[in-house]
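Structure, as structure tokens:
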Amino acid sequence: MLLKNLHSLLQLPIFSNGADKGIEPNCPINIPLSCSNKTDIDNSCCFEYPGGIFLQTQFWNYFPSKNDLNETELVKELGPLDSFTIHGLWPDNCHGGYQQFCNRSLQIDDVYYLLHDKKFNNNDTSLQISGEKLLEYLDLYWKSNNGNHESLWIHEFNKHGTCISTIRPECYTEWGANSVDRKRAVYDYFRITYNLFKKLDTFSTLEKNNIVPSVDNSYSLEQIEAALSKEFEGKKVFIGCDRHNSLNEVWYYNHLKGSLLSEMFVPMDSLAIRTNCKKDGIKFFPKGYVPTFRRRPNKGARYRGVVRLSNINNGDQMQGFLIKNGHWMSQGTPANYELIKSPYGNYYLRTNQGFCDIISSSSNELVCKFRNIKDAGQFDFDPTKGGDGYIGYSGNYNWGGDTYPRRRNQSPIFSVDDEQNSKKYKFKLKFIKN
């Protein structure tokens, strides 16, 4: 049997939660779609907020770690040759942006042993899939770009899964589950992510429309978007390309009705402002292909420079820069900052005082003092060819402060996630490469 056909032949089932005893959410049947309610919903275990927009994101990783891998090695590293792989399931906020790493007490450092726990592998008929079987499917379909696949699973749950309000541990208790702790939420996050991924079979959809991996052929943006939209209830789907203008990612946007455990996802149009794919000449390279005209992707990019405040209050004649603790000064010398590409997207921000993060308990203040990278936040950064660019957080590029730091004073700054930006001083953060 050719491994490239493994995905097609298995026709793996979708594992619903419908028969799971004791955790069926006791929610009103007329609950509105996420992001569409006109009044407050009292029970946050039945209605997802603020992250009411769910993105099911998929990779097409074709670059192998080295040349001349055989089919077995390619599948192990990149997944089935006739399937996209899972990136994650992300709860974006209704008004834009997203939360991340929401509850450090719920974070995990292991998936393998958790899914081997006897509570998920005791022949309990209330579970539609055992933890061990689910782990097999994750290992086949959820691939990282660095070979450590479990580290991607851990990252995705810690960054996004901990922000899903309807699978908090207290929700399981409310629904009458027996002896359920936070492990059940981890199991459900991975199970539901896998289920939605299987429903959204990107490879088969493209193949049905004569868009198949090829070294020679190319496709238009309109062709690819139209094919995916047709199978997604006519809604627009986001596609992303790498620097070779080759298709490498697809995002499906959904609203949710009720709890995540209901799995009632409703397709919606992509909210992404733009794609990095060109209008024409998009490649869809087969897995294992290495373009000879380009170097391999730079997965460990670093940029060193300073951070200056840009366009303060829409052009007022004020100035400023960041010092090593993340505060704003208007006079003196700016600190050296380093932007470090994280393994799975976004960037770490660091000074010689430590890694930076946004502290939600302090009104989203920027603080740079953390010695352990596990405590570091992940920032948005889109460098230009020169290496300069704007810094954001959780999809938001608005920053603000309450006090202008005159002379040698310093002021804290804050990530502001509302369009109005209620801070007295409003600005962007521009990274300028040394």
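Numbers here mean position along the shown chain, with the first residue as 1.
Heads up, the Cβ atoms here are built off N, Cα and C, so glycines get one too.
Note that the structure is a prediction, hence the values are computed from the model and not measured.
Swiss-Prot has this to say about the protein:
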ACT_SITE  HIS87  active site
ACT_SITE  GLU156  active site
ACT_SITE  HIS160  active site
DISULFID  CYS27-CYS46  disulfide bond
DISULFID  CYS35-CYS94  disulfide bond
DISULFID  CYS45-CYS171  disulfide bond
DISULFID  CYS102-CYS163  disulfide bond
DISULFID  CYS241-CYS277  disulfide bond
CARBOHYD  ASN37  N-linked glycosylation site
CARBOHYD  ASN70  N-linked glycosylation site
CARBOHYD  ASN103  N-linked glycosylation site
CARBOHYD  ASN123  N-linked glycosylation site
SIGNAL    1-18  signal peptide
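Shown here: features listed in Swiss-Prot, placed on the structure.
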residue: CYS27; record: disulfide bond; contacts (Cβ under 8 Å, 6+ apart): ASN43, CYS45, CYS46, PHE47, GLY258, SER259, SER262
residue: CYS35; record: disulfide bond; contacts (Cβ under 8 Å, 6+ apart): GLY52, ILE53, CYS94, HIS255
residue: ASN70; record: N-linked glycosylation site; contacts (Cβ under 8 Å, 6+ apart): none
residue: CYS102; record: disulfide bond; contacts (Cβ under 8 Å, 6+ apart): THR162, CYS163
residue: GLU156; record: active site; contacts (Cβ under 8 Å, 6+ apart): HIS87, GLY88, LEU89, THR193, TYR344
residue: CYS241; record: disulfide bond; contacts (Cβ under 8 Å, 6+ apart): LEU247, ASN248, THR275, ASN276, CYS277, LYS278, ILE282
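For ASN103 (N-linked glycosylation site), the spatially nearest entry among the recorded positions ASN37, ASN123, HIS160, CYS171 is HIS160, judged by CA separation. All protein chains shown were included, and the count of other CB atoms within 10 Å of the CB of ASN103 (N-linked glycosylation site) stands at 14. According to DSSP, CYS163 (disulfide bond) is assigned to a helical segment. If you measure from the Cα atom of ASN37 (N-linked glycosylation site) to that of CYS171 (disulfide bond), you get 20 Å. Under the three-state DSSP scheme, HIS87 (active site) falls in the strand class. For the glycosylation sites listed here (ASN37, ASN123), the lowest count of other CB atoms within 10 A around the CB belongs to ASN123. Under a cutoff of 8 A between CB atoms, and with a sequence separation of 6+ in the same chain, the neighbours of HIS160 (active site) are GLY88, LEU89, TRP90, PRO91, TYR98, GLN100.
For the disulfide-bonded residues shown (CYS94, CYS163), fewest C-beta neighbours within 10 angstroms: CYS94.
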